[in-house]
Amino acid sequence: MCIAMAPRTLLLLIXCQLVFGFNEPLNIVSHLNDDWFLFGDSRSDCTYVENNGHPKLDWLDLDPKLCNSGKISAKSGNSLFRSFHFTDFYNYTGEGDQIVFYEGVNFSPSHGFKCLAHGDNKRWMGNKARFYARVYEKMAQYRSLSFVNVSYAYGGNAKPASICKDNTLTLNNPTFISKESNYVDYYYESEANFTLEGCDEFIVPLCGFNGHSKGSSSDAANKYYTDSQSYYNMDIGVLYGFNSTLDVGNTAKDPGLDLTCRYLALTPGNYKAVSLEYLLSLPSKAICLHKTKRFMPVQVVDSRWSSIRQSDNMTAAACQLPYCFFRNTSANYSGGTHDAHHGDFHFRQLLSGLLYNVSCIAQQGAFLYNNVSSSWPAYGYGHCPTAANIGYMAPVCIYDPLPVILLGVLLGIAVLIIVFLNVLFYDG
């Protein structure tokens with residue numbers, strides 16, 4: 001307790017008030033040491049080449065000093081979600097203890113992707129949120145992320161079908177198997193085997209058309225079907241699956257049918273994909289998770305366009321405690337030197353924390369020092385400070401004992417110096 005009644009306690013009160021407001025949490029992404037990694041897009045892609053006369057690297061929100069750090073995996077125009085599902089693929093690969101994500105905007109409502117002409121982009125926004133929630137959760141537990149291909153064995157004659165695409169994107173994960181020619185309709189069970197190996201854990205999509213699917217022109221029966229998809233782990237006997245439940249279709253009068261995906265974290269093993277009705281789907285790509293670590297939340301920077309283009313908040317929805325800390329700015333994204341969507345001053349400030357280490361990373365932000373702060377670090381990791389809160393009506397300081405001990409040592413040294421000087425001058 002600090003009360004203003006004696007010189008020594010007055011000194012303690014002054015020290016407490018000096019502490020008040022000190023070592024505030026910074027709104028940045030940073031790291032505790034050099035064991036970190038960033039996944040990004042054009043705003044952190046140092047390899048992007050353009051010929052429009054702009055200064056070199058002016059599109060970056062990342063500080064160019066980090067371009068040769070070896071701690072960045074980024075691709076202009078891409079994202080983890082986009083590469084996971086579509087033919088527009090970039091082989092994101094990286095490893096670190098403290099993982100940062102600054103990507104996701106390259107699949108947003110402004111693209112308006114739908115599998116079918118009368119589909120629903122909102123369903124894809126839900127897919128995006130579920131995908132990133134799984135990735136963030138798992139990367140708080142694993143050091144390494146990469147992509148791997150998944151091969152399958154199918155006993156029929158039908159070939160993969162490309163039924164989910166628009167003008168710019170073509171889905172290739174999951175793979176859909178066409179109807180067998182010897183069946184008049186899609187009312188039959190089909191299956192294929194696939195194996196997951198070489199990683200500690202895998203993120204794979206389990207997807208189905210949630211609603212009433214109408215057969216293609218090759219379906220002479222011209223019936224509606226209810227999708228049913230599942231994966232069965234043949235090694236341990238566990239079944240993962242779901243059936244379509246929505247009362248929507250794929251016509252102008254009955255719109256809304258689109259692909260709904262769940263993102264499963266599966267262990268290595270032998271699996272069977274089973275469809276009880278309509279198209280069989282199975283994974284063609286997976287995110288490979290490798291090297292478990294002590295739990296360390298990921299840091300996610302809001303990935304959005306400037307206000308002239310529609311964005312979404314799916315990465316924010318996916319970033320939940322305790323496995324994820326979300327960082328954002330209070331202003332609209334406003335590009336500076338390059339265009340409206342690149343080079344925002346505030347986001348550059350937010351990412352500037354990657355230039356240096358901090359002592360503590362917490363929900364509120366990053367703390368530079370590990371002694372005291374006016375804020376208690378919530379969900380703190382690293383060497384975190386203790387809070388010192390002062391009440392103005394009745395000065396009370398709640399403090400970490402260590403700084404007070406150090407203060408006592410310093411006061412003791414000061415007293416010894418004063419005594420020494422007094423003796424010195426007195427003798428003189």
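If you go along the chain as it appears here, the first residue is 1 and each next one adds 1.
Each residue, glycine too, has its Cβ placed from N, Cα and C.
Database features, via Swiss-Prot:
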SIGNAL    1-19  signal peptide
REGION    9-129  region 'Esterase domain 1'
DISULFID  Cys46-Cys67  disulfide bond
CARBOHYD  Asn91  N-linked glycosylation site
DISULFID  Cys115-Cys164  disulfide bond
REGION    130-278  region 'Receptor binding'
CARBOHYD  Asn149  N-linked glycosylation site
CARBOHYD  Asn193  N-linked glycosylation site
DISULFID  Cys199-Cys288  disulfide bond
DISULFID  Cys207-Cys261  disulfide bond
CARBOHYD  Asn243  N-linked glycosylation site
CARBOHYD  Asn313  N-linked glycosylation site
DISULFID  Cys319-Cys324  disulfide bond
CARBOHYD  Asn328  N-linked glycosylation site
CARBOHYD  Asn332  N-linked glycosylation site
CARBOHYD  Asn357  N-linked glycosylation site
DISULFID  Cys360-Cys384  disulfide bond
CARBOHYD  Asn371  N-linked glycosylation site
Cys207 (disulfide bond) and Asn371 (N-linked glycosylation site), Cα-Cα, nearest whole angstrom:
50
Please report the three-state DSSP label of Asn328 (N-linked glycosylation site).
coil
Between the Cα atoms of Asn328 (N-linked glycosylation site) and Cys384 (disulfide bond), find the distance and write it as a whole number of Å.
22
For the region 'Esterase domain 1' (9-129), what does DSSP give as the number of helix, strand and coil residues?
32 helix, 18 strand, 71 coil
Measuring CB to CB from Cys261 (disulfide bond), give everything in the same chain under 8 Å that is also at least six residues away in sequence.
Asn127, Arg130, Phe131, Pro205, Leu206, Cys207
Between the Cα atoms of Asn91 (N-linked glycosylation site) and Cys384 (disulfide bond), find the distance and write it as a whole number of Å.
36
